[in-house]
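If you check TrEMBL, you get these features:
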type	residues	note
TRANSMEM	7-30	transmembrane segment
DOMAIN	21-273	domain 'G-protein coupled receptors family 1 profile'
TRANSMEM	42-66	transmembrane segment
TRANSMEM	78-102	transmembrane segment
TRANSMEM	122-145	transmembrane segment
TRANSMEM	177-200	transmembrane segment
TRANSMEM	221-245	transmembrane segment
TRANSMEM	257-277	transmembrane segment
Amino acid sequence: MISKIGRFWLFLVFIIPSVLCALFVLYHLLFNRTLRQGLYNHVVAVLLCLGLFSELTNYIWMMVYYQRGPIWYRSNAFCAVWGFADWALYVTYTILLAWATVERHILVFHDRWVSTKRKRFFLHYCPIIFLLCYCFGFYIVVYFIPPCMNEFSPWLSICISTVCIFDNYAFSMYELVVHQFLPFPVIVVFNILLIVRVVWQKKSMNQRFQWRKYRKMIIQMLSISFLYIILYFPFLVVSICNLLNVTSDIFNDVLSYTTFITYFIFPLFPFVCALSLSDLRSKLLQIFHLQRNVRQLGPLTLTVREKYPTMVR
């Protein structure tokens, strides 16, 4: 088991650069006209906002808990907000990512479907707005206005011990299948189909221009999907085993580790976004190149001063 102090430092090491990178990427996605007009960047910007909000709330609260432990008094209202920030944001991210993999086929292979403002509104903006409203509305009911009484415990990191509405078998199975299990195969299948369709189109049509035109969209989606798949898949396997009543001491340790690993999806997401967008990658390289030149300029200026003191002020 990873100790609480170990978890605290792992989060701290990742969260600080992740927040800075998320702000950097969001700034360019929102204020760079070319990036802002790209439809494929809109859902990425929403995912970045979800991750950034979670890092500034849920992750910070977890780090405080890892330092202070159960002696940290938290009201029931705060625990409800924390539960919402932890689970609702994560599920919303997952469902939006699943939709993004589907939408990427439309943007790459059926761009005429979003060629007018009316089409873009119904096929691009409406699904994002609907999914946000659905997920937030669903978990507002779960955590804030349930038809029963949630139970709270200060001994737990996220201090809701029982979400009472999940005692309803039909409701809990719906949430489990639709919100947790179903998005994963959607993400995997539609990414595989994206690769297959791109390879098939390049070979059958021999249209190199089309690949160059849609390369950014394809690489971006494959990159952020791979991050999610590689970090979520172990937890998914263990969760399925849990449903099959596979229990042991080792199994409980594995469940704890795989759950903890999923918390790195949000901190790593901004870096994947920055590296998958060539425009932002170039800007980052320019920043580092400029800093390197500044470091080299200092000793060079000193050398010139020493050799020609009357020529340099």
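Here the Cβ of each residue, glycine as well, is placed from N, Cα and C on the backbone.
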Give residue numbers and ranges for long-range contacts of the transmembrane segment (177-200): same chain, 6 or more residues beyond its ends, CB-CB under 8 A.
91, 94-95, 97-98, 101-102, 104-105, 108-109, 211, 214, 218, 221-222, 225-226, 228-229, 232-233, 236, 239
Would the transmembrane segment (42-66) count as touching the transmembrane segment (257-277), i.e. at least 3 C-beta pairs under 8 angstroms with sequence separation of 6+?
yes
Report the listed stretch (78-102, 122-145, 221-245) having the maximum count of Cβ pairs within less than 8 Å of the transmembrane segment (42-66).
78-102
So if I exclude everything within five residues of the ends of the transmembrane segment (221-245), which remaining residues of that chain have a CB under 8 angstroms from its CBs? That is, six or more out.
40, 44, 47, 94, 97, 100-101, 104, 180-181, 184, 187-188, 191, 194-195, 251, 254-255, 257-259, 261-262, 264-265, 268-269, 272-273, 275-276
Within the predicted model, mean pLDDT of the domain 'G-protein coupled receptors family 1 profile' (21-273):
91
